[in-house]
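K.L.:
Straight out of TrEMBL:
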- 362-374: compositional bias 'Polar residues' (COMPBIAS)
- 389-405: compositional bias 'Basic and acidic residues' (COMPBIAS)
- 110-323: domain 'Phosphatidic acid phosphatase type 2/haloperoxidase' (DOMAIN)
- 12-37: transmembrane segment (TRANSMEM)
- 64-86: transmembrane segment (TRANSMEM)
- 106-125: transmembrane segment (TRANSMEM)
- 197-220: transmembrane segment (TRANSMEM)
- 277-295: transmembrane segment (TRANSMEM)
- 301-323: transmembrane segment (TRANSMEM)
Amino acid sequence: MNLKTMHMPSKRLILSYVFDWIVIIAIAAVGAGWNYIKPFHRPFSPVDLSISYPFEKHETIPTWLLVVCGLVIPAAITFLVCLIFVPGPTASRGTPKSLIWRRKIWEWNTAWMGLALALATAFMITQGMKLLFGKPRPDLLSRCQPDMSRLQETAVNTIGESFDRAWVLVTSDVCQNQDDDILQDGFKSFPSGHASFSWSGLLYLTLFLASKFSVAIPFLPPRPFSTNPDHTSAIAPSNLKSKSILPLHKKESNLASPSFSEEKVVPIRYQAAAPPVYTLVLVLVPIASAIYITSTRFTDYRHFGFDLLFGSLIGIISAWFSFRWYHLPITRGAGWSWGPRSYQRSWGIGVGVGSYVGTEGWSQSGRSQTTEGLTESERYTNGHGGLTESERHTDERRVDPAHAI
């Protein structure tokens, strides 16, 4: 593999993406660090049946298995898809190997960056909210093992005492359990970490597979207004490939008798079609897995229904946001991720620039991916919407007669 033919990006650009990885890891590290902070302890009643479920020591989906399902498996599948199916059938047999591998590596990088961002964001938000709300789990009383003789001492509200001495709200000081980890975890019911983590990782995998294999509800793009009936006709064929051997005599048309002979038409029913059903099954398997993982937290008495719904919502939003951060829309993106930033804009842009992609390419010696094939005049005209300041000065000198060659 010849490095010169790969047009290697500049160190400035590479370092900017390395820093992106560092930020993502830092987000996850903040979430992990919050796990060692004691959560808020919401007062509870020792006779509240909703928090009286038994404490299950053996979880259906333990944490290590959650990591495998939500992180390891999606990471492995996205890697294999990028390795095997990228760049796809659009690359001809004569395409240079260097270009093919550059596409594979970039798609792999964006696939993992999106997955990592989804998981890290959901993890940090969930862990932080657990600390803030301190909601008791359904099995809190089993974890707490309250000392009923200290109800008066630890009570925060004795309004129900006239009915029964146990009808009071007490603090966690009433608990006798000496295992502090089990007790502290009992106040982390909202939101569900298993739900947010599984949905962020597995829904991201679903969106990734749907993008790469074009699995989406058929999309009808908007079209200019036309009164041509062929657009919606049940019998009109597409005329894009129709060619006449003999020359056609153009008919003069007016508003009273419109002519559509020269209009290129593809009837709307031919502009899209439903993908094979097996591809739908393929992308729905990760969603079904996320639903199952979420359900086990209910049957293991770890969370209430609202905790699971809100945790799932965090994961869903994180997955969608992270996918769109690095990938084109599923219905219009042809399975590609966004390309890299231009090297002069890799660390940020100022007001009025408008885009992280310019005409300067990935390095000073590299070619621009946005202006390749344009003439100098076209590049200059386009540049005022995308050229850097240095490029503008260079092109201005070229068109100035005093600097003419």
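Every residue, even glycine, has its Cβ placed from backbone N, Cα and C.
Are these features on the surface or tucked inside, and what touches them?
P.N.:
Same-chain neighbours of the transmembrane segment (64-86): 103-104, 107-108, 111-112, 115, 119, 194, 197-198, 200-202, 204-205, 208-209, 212, 286, 289, 293, counting only residues six or more beyond its ends whose CB sits under 8 Å from a CB of the stretch.
Residues 61, 66, 69-70, 74, 192, 194-195, 198-199, 202-203, 205-206, 209-210, 213, 215, 308, 311-312, 315 of the same chain lie 6 or more positions beyond the ends of the transmembrane segment (277-295) yet place their CB under 8 Å from a CB of it.
Same-chain residues lying 6+ beyond the ends of the transmembrane segment (301-323) with a Cβ under 8 Å from its Cβ atoms: 50, 53-56, 59, 114-115, 117-119, 121-122, 125-126, 135, 137-139, 189-204, 207-208, 211, 290, 294-295.
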K.L.:
Same-chain Cβ contacts of the transmembrane segment (197-220) under 8 Å, 6 or more residues past its ends?
P.N.:
66, 69-71, 73-74, 77-78, 81, 85-86, 111, 114-115, 118-119, 121-123, 126, 268, 271-275, 279-280, 282-284, 286-287, 289-290, 293-294, 311-312, 314-316, 318-320, 322-323, 327-328, 330-335
K.L.:
Do any residues, 6 or more residues outside the transmembrane segment (12-37), come within under 8 Å Cβ-to-Cβ of it, and if so which ones?
P.N.:
109, 113, 116-117, 119-121, 123-128, 130-131, 340-344, 346-347, 362-363
